[in-house]
Amino acid sequence: MDFHIRNSNLQEIEVRRKPHSRSPKIQQTEAEATAMNFRIPATASSIPTKYQTVFIPTSEKNGFNSRSLRFSYSLTQNENPGPGAYNVARTSADINSVSLSKKGTGGFPSKAPRTLQCKIARTPAPNAYNVYEEFFSKKDFSKGNSSMFQQPIAMEVEDTNHLTPAPNQYSASLTYCHPNNNVSAHAAFVSKTKRELLKPNPVKGPSPCHYKINDSLVKESTKVPVSCFKSKTSRNSLNVISDNPGPASYDPYKSSESEKKIIFLRKHYLCFSAPAMPIPKAPPVPGPGHYDIVDYEGLPKQYMSGAAFVSNTSRWAGDVSGKSLPGPGAYHPEIPGRYSFLYNSNRKWVPA
């Protein structure tokens, strides 16, 4: 049977009662208690009992031959007032009021109360709470180990920035690697349209090196004030790549190379063992002096009507300037003479 008591030094002492007998087992227990620094009363109690009281102190073990506590307070003490310190009795304020005379009241006493009627809140009493020990901020630092016998508080945290999974740790989903058509029914007229989401054949598209990325949408714009009428002319002329030949590619004074004629050998001309004929080279590209540039504005406009009932009469008079028309000296006017005709037997008019 174990219970706790409190002595005059406000130290909690655990008390155990054992059967009071002098058997060899009890004597062995007393010897063990003496070895464990238990306090056993020297004199037996005057009242005959069946139990023997043994005091087990809860003091700290000797550390570096020092028994004194580092802090004098005890954890069993509570700084808050106890439940009996509160006056929660419902007493009337008029009985202990200072404004009332001890000899009584007059003939016409006022019935108005001199004090405000404070309503007592229906709250639980202080002893109705059951506070757990984990909420107390007190800690007995007297029984704690020194810093040299315990691990440091600040532990080294493992660096997890470079702990990335390996490529073989991923589980690739195989749901999209095969057709998703799980229909087991088979109709009489089966449609040949594929139901797969992904195409089985790879897309024959250009490789990434065939793209020309426009950097105008990626580059950040300057954070300087810009005019509302901003010029759209590109100032970056270095990125303009032209496929035309450079200025030094032409030689205007060089004679044009004549095409070399293929000379067929007479010996192997009509044989299957004739040598392969060389492929003729491409003719040279014409230079700047080979062109005859003419200001060509295109065909003249033909103004056509777009109404529903279009007239067939031509509205285009042709060359209005008259450059292609013959001049006055281009005509040879002749006076037409008189002709006579005879009607022959074949019923045709023949000039006479």
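Using the three backbone atoms N, Cα and C, a Cβ is placed for every residue, glycine included.
Annotation source Swiss-Prot lists repeat 'STPGR 1' at 80-90. Per-residue confidence over the repeat 'STPGR 1' (80-90) averages 65 (mean pLDDT, predicted model).
According to Swiss-Prot, the repeat 'STPGR 2' annotation covers 124-139.
According to Swiss-Prot, the repeat 'STPGR 3' annotation covers 165-171.
Feature annotation from Swiss-Prot assigns repeat 'STPGR 4' to 205-235.
Annotation source Swiss-Prot lists repeat 'STPGR 5' at 244-263.
If you look up Swiss-Prot, you'll see 286-295 marked as repeat 'STPGR 6'.
The annotation repeat 'STPGR 7' is assigned in Swiss-Prot to 325-335.
Sorting the repeat 'STPGR 7' (325-335) by DSSP state (H, G, I as helix; E, B as strand; all else coil) yields 3 helix, 0 strand, 8 coil.
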